[in-house]
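Working notes, beginning with the structure itself.
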Amino acid sequence: MSTQIFSLHQLGWRPAYAQHLTIDDFEAGYPARVVGVHRNGLAVLSSQGAALVALPPQRAAMAETAITVGDWVMVEQDASRMLRLIERQSLIARVAAGSDHRLQSIAANLDTLFIVTSCNDDFNPSRLERYLALAFEAAVTPVVILTKPDMCADANHYADAARQVAPSVTLLMVNATDATSIAQLRPWLQSGQTVAFIGSSGVGKSTLTNMLVGDTTRLTAAIREDDAKGRHTTTSREMYALASGAWVIDTPGMRELRIGAASTGMSAVFDDIETLAAQCRFRDCRHESDEGCAIVSAMADGELDGRRFANYFKLQREAVNATLSTKERHERDRQFGTMSRTAMRAKRDRQGR
Ligand SMILES: Nc1nc2c(ncn2[C@@H]2O[C@H](COP(=O)(O)OP(=O)(O)OP(=O)(O)O)[C@@H](O)[C@H]2O)c(=O)[nH]1
Ligand SMILES: [Zn+2]
């Protein structure tokens, strides 16, 4: 079991968390940060050290969706049992696979989301927009990292394209294999800061984190702890400390993110398009013909990239889908089913069968 003890401040505690707690809360328990979520409880770190705490019975069933890595919880004094979840400052969630489109928590209380892409074929403005919308929706500050500038003849071409997509977002060009270059990340990696890396396979996320972990013992290593019945259990952590004192959240869920109901995030990334849409002559403009449509006219003038508008449309559709209730989705699927059956019948009729 890890013996390192962190202060609340080192663990990322902020005064804002205390605003939602009462004196009674502090008398009953103490705050702890969730570093792993398991079927039999939560792996937490607090100023008392590492522990595996049980979930209250009503929480256990919904633990996987309700509490996530990075969360702050109150733990009962002496009982190793979670009392309550402390209100989050930010939350990355995704639409769960399956038909009910539940929102599933992935990572909580992040300060920065590093969006990693490379100066090569991986670079894709639409994917960048998707990740940016996700960060803004989660209330996390995005920072774009362009890796492999050393392997490309014209890295500035990629940097310009990234700036065009997100003029107000910080962009760093980082050779992930070079410690001097990685030092550019320092302002976001101060003690108690929590970050995550997102991006396609092979863009350099592990290279970056491995370099940043430095000499300290990597805390992702499984730790052995006694569970409530005195048995040894092995728990793995999905949040670990960097040499600088910052925390990295690295959960499997981070690698499979789809956008959810992201209206705030969409507005932050596509404010240019939403401003244009407000100038269309008709309030319900579908932006398809040039009759008083500010968007069609901006595309014709070359002021708005057709690719960007198409991606806005696509993400918007995904976001709407995510907010439909199961009943509405069934109704839509049923209508679609009727439509395709009618089409099939028409086709058979035409073929004289
Ligand atoms: N020259 C150079 N090589 C890099 C850079 N960033 C990453 N690489 C190399 O690219 C390869 C893939 O990097 P990884 O760190 O494994 O990529 P990843 O994003 O963690 O990939 P997954 O684990 O599959 O998600 C490794 O061989 C790295 O050494 C860079 O900035 N410059
Ligand atoms: Zn329009």
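Heads up, the Cβ atoms here are built off N, Cα and C, so glycines get one too.
The model shown is predicted, which means the values in this text are computed figures rather than measured ones.
What TrEMBL records for this protein:
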{"type": "BINDING", "residues": "THR147, LYS148, PRO149, ASP150, GLY199, SER200, SER201, GLY202, VAL203, GLY204, LYS205, SER206, THR207", "note": "GTP binding site"}
{"type": "BINDING", "residues": "CYS280, CYS285, HIS287, CYS293", "note": "Zn(2+) binding site"}
{"type": "COMPBIAS", "residues": "326-335", "note": "compositional bias 'Basic and acidic residues'"}
{"type": "COMPBIAS", "residues": "344-353", "note": "compositional bias 'Basic residues'"}
{"type": "DOMAIN", "residues": "100-257", "note": "domain 'CP-type G'"}
{"type": "DOMAIN", "residues": "108-255", "note": "domain 'EngC GTPase'"}
{"type": "REGION", "residues": "324-353", "note": "region 'Disordered'"}
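Everything TrEMBL records as a feature, shown here on the structure.
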{"residue": "THR147", "record": "GTP binding site", "Cβ contacts under 8 Å, 6 or more apart": "VAL116, THR117, SER118, CYS119, VAL174, ASN175, ALA176, VAL203, GLY204, THR207, LEU208"}
{"residue": "PRO149", "record": "GTP binding site", "Cβ contacts under 8 Å, 6 or more apart": "CYS119, ALA155, TYR158, MET173, VAL174, ASN175"}
{"residue": "GLY199", "record": "GTP binding site", "Cβ contacts under 8 Å, 6 or more apart": "ILE115, VAL116, THR117, ASP122, TYR131, ILE145, LYS205"}
{"residue": "SER201", "record": "GTP binding site", "Cβ contacts under 8 Å, 6 or more apart": "none"}
{"residue": "CYS280", "record": "Zn(2+) binding site", "Cβ contacts under 8 Å, 6 or more apart": "HIS287, GLY292, CYS293, ALA294, ILE295"}
{"residue": "CYS285", "record": "Zn(2+) binding site", "Cβ contacts under 8 Å, 6 or more apart": "ALA277, GLY292, CYS293, ILE295"}
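Looking only at the binding-site residues VAL203, CYS293, the densest Cβ neighbourhood within 10 Å occurs at VAL203. The DSSP secondary structure for THR147 (GTP binding site) is strand. Filtering PRO149, CYS280, CYS285, HIS287, CYS293 by Cβ distance to ligand 1 (under 6 A) retains none of these binding-site residues. Of all Cβ atoms in the shown protein chains, 23 besides its own fall within 10 Å of the Cβ of LYS205 (GTP binding site).
Among the residues THR147, LYS148, PRO149, ASP150, GLY199, SER200, SER201, GLY202, VAL203, GLY204, LYS205, SER206, THR207 said to bind GTP, no two Cα atoms are farther apart than 19 Å.
Same-chain neighbours of the Zn(2+) site beyond CYS280, CYS285, HIS287, CYS293, judged by a C-beta within 8 angstroms of the site's C-beta center, are, in sequence order, ALA277, ARG281, PHE282, ARG286, GLU288, GLY292, ALA294, ILE295, VAL296. When the domain 'EngC GTPase' (108-255) is classified with DSSP, helix, strand and coil residues number 50 helix, 39 strand, 59 coil. Residue density at THR207 (GTP binding site): 18 other Cβ atoms are found within 10 A of its Cβ, drawing on all protein chains shown. Checking the binding-site residues VAL203, CYS280, HIS287, CYS293 against ligand 2, the ones whose Cβ sits under 6 Å from it are CYS280, HIS287, CYS293. With a 10 A radius on its CB, HIS287 (Zn(2+) binding site) counts 18 other CB atoms from all the protein chains.
If you average pLDDT over the domain 'CP-type G' (100-257) in this model, you get 84.
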